[in-house]
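Visitor: Take a look at what Swiss-Prot says about it:
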BINDING   Met39, Gly187  substrate binding site
BINDING   Arg115, Thr160  ATP binding site
Amino acid sequence: MTSLKLLKEKAPLVICITNDVVKNFTANGLVALGASPAMSEFPADLEDLLKYAGGLLINIGTLTDENWKLYQAALKIAEKYNVPAVLDPVACGAGEYRKKVADDLINNYKLAAIRGNAGEIASLVGIDVASKGVDSAGVDNIDEIALAANEKFNIPIVVTGEVDAIAVNGEVVTIHNGSAMMPKVIGTGCLLGAVVASFIGLEKGQELKSLETAMLVYNIAGEMAEKRPNGHLPGTFKVEFINALYEITDEDVKEFKRVK
């Protein structure tokens with residue numbers, strides 16, 4: 001089974017093409033976890049780096065026409081070297097341009113997983129869910145949204161919210177761990193996309209277990225951070241979350257996981 005120990009042993013190089021707001025937080029989070037991040041954004045450099053990579057994250061948060069071309073180039077190179085790519089279609093339900101870019105990347109390039117909140121994933125499959133920018137309202141049918149997207153795209157899907165859902169090959173599991181402090185720190189969702197990219201390629205054919213482990217590690221680390229002194233304050237939580245990602249073990253995951 002995919003484990004945190006395996007990630008630390010392999011220390012996969014993860015290329016993160018992510019939004020400008022969260023680059024530092026993302027890099028520090030991956031280092032704490034045990035992965036090796038690179039924030040490269042130039043196609044010639046990506047050609048050199050991706051041949052050694054264990055994962056690629058495409059996060060469309062700070063979207064421009066130039067970045068769209070960069071995403072396309074990176075995904076072409078990743079497919080060339082069989083590097084699993086994860087798409088985070090940030091705010092794709094908030095406007096036509098973002099939806100157009102997300103649709104292009106999903107329909108024309110090879111993806112190993114898509115990670116988004118309920119509003120984002122629902123917009124990709126035409127389900128009506130209230131969404132405001134990068135945030136979405138709580139929904140009761142998050143597992144149905146995950147399954148609908150998995151069926152439509154035949155790609156593993158992670159839908160995040162108060163409850164998280166993972167759908168792979170028509171099978172769905174829900175994760176009931178996490179911290180209410182996470183939405184109060186900008187970048188926690190974006191870092192999660194990078195964590196998913198770190199785990200997804202560890203074991204071929206074990207995508208469901210890999211995604212489940214990624215989500216549990218991340219969410220339980222959030223619970224650990226919130227319980228620490230002043231962890232209920234967003235500034236302290238941000239620091240303690242990085243610390244928790246560094247300290248969490250497979251034993252913690254086994255003890256505290258809540259999966260249905």
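All residue numbers here begin at 1 and follow the chain in the order shown.
Heads up, the Cβ atoms here are built off N, Cα and C, so glycines get one too.
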Visitor: With Cβ-Cβ distance below 8 Å and at least 6 positions apart along the chain, what are the contacts of Arg115 (ATP binding site)? List them in sequence order.
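Guide: Set apart from Arg115 (ATP binding site) by at least 6 residues yet with Cβ under 8 Å, we have Val86, Leu87, Asp88, Ile157, Val158, Thr160, Leu192, Gly193, Val196.
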Visitor: Show which residues of the chain containing Gly187 (substrate binding site), separated from it by at least 6 in sequence, have their CB under 8 Å from its CB.
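Guide: Spatial neighbours, sequence-distant, of Gly187 (substrate binding site): Val21, Val22, Phe25, Thr26.
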Visitor: Quick one: what's DSSP say for Arg115 (ATP binding site), helix, strand or coil?
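Guide: Assignment for Arg115 (ATP binding site) reads strand.
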Visitor: Which secondary structure state does DSSP assign to Gly187 (substrate binding site), in the simple three-class scheme?
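Guide: DSSP call for Gly187 (substrate binding site): coil, neither helix nor strand.
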Visitor: What number of additional C-beta atoms lies within 10 angstroms of the C-beta atom of Met39 (substrate binding site)?
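Guide: Cβ-Cβ neighbours of Met39 (substrate binding site) within 10 Å number 15.
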